[in-house]
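S.K.: First the structure, which I've put down as structure tokens, then a few questions once you've had a look.
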């Protein structure tokens, strides 16, 4: 009894906040509480055996009772055995249920994980797409923002002309934004059966020469919409350029083509072509020639063989090699060449790399910097992996500026007087230059505007000073506008592309043209350019295209020689200092990447 009471008292004192383990220290009042404490202990033991609750103070009292006497320990042990059985059954059920629940949760988690990953990817993709769309919107808005106030206004200019204080009304009007914004298609000139690759006005602006894939050259009276004459060029492949030589009385046309030949046509006063003769031969396609502004006898020619010829029609052997364009020891095929109108000793070339190269004919030393006077390139393209090509470049009217159009890139304006390696000064965006050798040009008597075609079939005109798009016209149903030729004196523009006609544009609209759909076209061009930069497949396409063209040229060549009486006429009039007619078959597959049609 004392042992039991002792243990009970220990529990009771613990409940009261004090701990006493000596029975001699208990008072009479404490002995009176012993009976009630024992009842509470038995009740708590009974509750413990029924509920299986072993936590809290009950667990502490049970442990203390087990250390006092064996008799009480046996009673407790019998209760504990019952409790142990009760616990083990519940625990097994709980463990079993818990394991099944965990397995189900794991299975659900495994099924849910791919779904969550897909949702996360979709959310990230949507977020990236929305970010890209927002960035594209911001970019388009910056390219189509409000224009500054025009410098030339029609009513004040007319009033000044009436008062006799403006002697240059037409000159200034041709360079006015208000006229460019009123451009509208006047008519088409139809006479070719292939893509039209080249256009050129004579000095007076009365005639317009055009060359085509049909191997013909047509000289137009563009006002009356009638051909003055048309003739076979003598070329064996796509005619890329045909230009009137200045101060020649419109009697001499210089031509070049994919076959690499440089030919000259002599026109008679009776509106016929007397003959054409070959004066030079490139080992590859020849896209452009460069006229000297006042010379009726001399011009320059550049080809994909990296060679620049100077041609003087007064010489027995007209062509002489001027320079071979190289980057370090590697040849750089050329697509374009232009003579500085203010300093005809200097000329610029561009081609199958990212550099605009300027040469001075008096100082070409190929042992020193490969003969280059200076080079320009947008700094972000110098060491880039974009493989940018220059498809066209032109000098401004006074030679102070140089405009270059890059394949699958933008158009850049350089100051030609800047030092070697200088950065561009202006950049013109929005068009697409990928499918062909795209032309670019200045428009206006003072080169106030920049004009370019695009793969989307539109013509873009930018104000040079602000870089803003001020005119946007659908120029080709076939999808690509290649050639843009401003009239030398009037506010007129001639364009051509994959369509088989020449289009004449003039400022005859009653109001400024609404730039309807411009933002959508710019977005589409930007997306296509970005996609092509990520997924370039043009290498395979170029190899296939080169193979097919090479095969067709061979078949056509053999067919001509099998026909009776064919084969000697061209050779009789050829005067070439260079390689044979078959050099066009030496073009590599990468030379076809920028073909004009």
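Cβ coordinates come from backbone N, Cα and C, glycine included.
Annotations for this protein, taken from Swiss-Prot, read as follows:
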type: COMPBIAS; residues: 1-24; note: compositional bias 'Polar residues'
type: REGION; residues: 1-147; note: region 'Disordered'
type: COMPBIAS; residues: 65-99; note: compositional bias 'Basic and acidic residues'
type: COMPBIAS; residues: 100-112; note: compositional bias 'Acidic residues'
type: MOTIF; residues: 114-122; note: motif 'Nuclear localization signal'
type: COMPBIAS; residues: 124-137; note: compositional bias 'Basic and acidic residues'
type: REPEAT; residues: 191-230; note: repeat 'WD 1'
type: REPEAT; residues: 234-275; note: repeat 'WD 2'
type: REPEAT; residues: 329-369; note: repeat 'WD 4'
type: REPEAT; residues: 432-472; note: repeat 'WD 6'
type: REPEAT; residues: 476-515; note: repeat 'WD 7'
type: REGION; residues: 558-597; note: region 'Disordered'
S.K.: I'd like to know if the repeat 'WD 6' (432-472) touches the repeat 'WD 1' (191-230) in this structure, counting it as a touch only when three or more C-beta pairs sit under 8 Å and are separated by 6 or more positions.
M.R.: no
S.K.: What residues in the same chain, six or more past the boundaries of the repeat 'WD 7' (476-515), come closer than 8 Å to it by Cβ-Cβ distance?
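M.R.: Result: 144, 170, 173-174, 178-201, 203-205, 208, 210, 212, 220, 222, 435-444, 451-459, 469, 596-597.
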S.K.: Excluding the flanking five residues on each side, which residues at least 6 beyond the ends of the repeat 'WD 4' (329-369) place their CB within less than 8 Å of a CB in that stretch?
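M.R.: The answer is 284, 287-295, 300-308, 310, 322-323, 375-378, 381-382, 384, 386, 388-395, 397-400, 402, 404, 406, 414, 416, 437, 590-591, 594.
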S.K.: Any idea what the model's mean pLDDT is for the repeat 'WD 1' (191-230)?
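M.R.: Per the prediction, mean pLDDT sits at 95 for the repeat 'WD 1' (191-230).
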